[in-house]
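Working notes, structure below.
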């Protein structure tokens, strides 16, 4: 069963799609990380519905944000109740809130296979750029993800099983996993060319999950991935799956001219 998480501050929502079932779950979290300072990750944003954090994302300009397509679904797609917080290590305070003007989900996003799990948010007003608010550096189109590279993930997911979102930004670093090794672990679903994997296979204990969906995954200062889906969190048997940003570089440019 595929599991991904849209973590709300105080509630969880479950819905089913066709096989495999896709389930939100408030008990999955970033594990094995530590507190982070937004100055070190100034592209990170908190994607919020009615002022409650439920997904991550990252700035690519002063008016555009990238997140996961699965973060935008029925019940959480009403733009009048969507906003982002920038420039703060805390999702609930400081920095500045910005309204979402519109969103664009990838036209080929598949909720069953989780392929093309990417979306864009256009902000109503531009953010003020400073040391805590800065667009991410993106890879070039077609850039591949090396095996065993150190992937850094940030987000506000809970820090223990069954917990709520963490109020302070968390960071964790895990290695990328060879695509064939990953596919041998993820036996019931396909790892497409638009995805890559990361995790401590055989060890576990560190991972991204709830509240981190849509957030940035960074290698050498570039945001190369988007937190997308997985069978579990921090499980030594299963790596996490990330949307490969370089596979969508042309689409991002077509929609945003960035």
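The backbone N, Cα and C atoms fix where each Cβ goes, and this holds for glycine too.
What Swiss-Prot records for 70 (among others) is active site, charge relay system. All protein chains considered, the CB of residue 70 (active site, charge relay system) has 25 other CB atoms within 10 Å.
Sequence annotations record features per position, and here Swiss-Prot assigns active site, charge relay system to 117 (among others). In this structure, residue 117 (active site, charge relay system) belongs to neither helix nor strand by DSSP; it is coil.
Annotated active site, charge relay system per Swiss-Prot: 213 (among others), in sequence order, evidence recorded as similarity to another entry.
Annotation note: residue 55 (disulfide bond) sits in a strand segment as assigned by DSSP. What Swiss-Prot records for 55-71 (among others) is disulfide bond, and it gives similarity to another entry as the kind of evidence.
Residues or ranges marked as disulfide bond by Swiss-Prot on the basis of similarity to another entry: 182-197 (among others). The DSSP secondary structure for residue 197 (disulfide bond) is strand. In sequence order, 176, 177, 178, 179, 181, 182, 186, 191, 239, 240, 241, 242 are the residues of the chain that are 6 or more apart from residue 197 (disulfide bond) and have a CB within less than 8 Å of its CB.
In the three-state DSSP reading, residue 209 (disulfide bond) counts as coil. Taken from Swiss-Prot, the feature disulfide bond covers 209-233 (among others), and the record attributes it to similarity to another entry.
Per Swiss-Prot, domain 'Peptidase S1' is recorded for 30-257.
The N-linked glycosylation site annotation in Swiss-Prot covers 110 (among others) and is backed by sequence analysis. Under 8 Å, Cβ to Cβ, and six or more positions away along its own chain, residue 110 (N-linked glycosylation site) finds 116. Taken residue by residue with DSSP, residue 110 (N-linked glycosylation site) is part of neither helix nor strand, so it is coil.
Within its own chain, residue 130 (N-linked glycosylation site) has 87 as residues 6 or more apart in sequence whose C-beta sits under 8 angstroms from its own. Feature annotation from Swiss-Prot assigns N-linked glycosylation site to 130 (among others).
In the three-state DSSP reading, residue 188 (N-linked glycosylation site) counts as coil. Marked as N-linked glycosylation site by Swiss-Prot on the basis of sequence analysis: 188 (among others).
Under the heading signal peptide, Swiss-Prot lists 1-16, citing sequence analysis as support.
Taken from Swiss-Prot, the feature site 'Required for specificity' covers 207.
Sparsest Cβ environment among the disulfide-bonded residues 55, 71, 182, 209, 233 (other Cβ atoms counted within 10 Å): 182. In three-state terms derived from DSSP, residue 71 (disulfide bond) belongs to a helical segment.
In the three-state DSSP scheme, residue 130 (N-linked glycosylation site) falls into the strand class.
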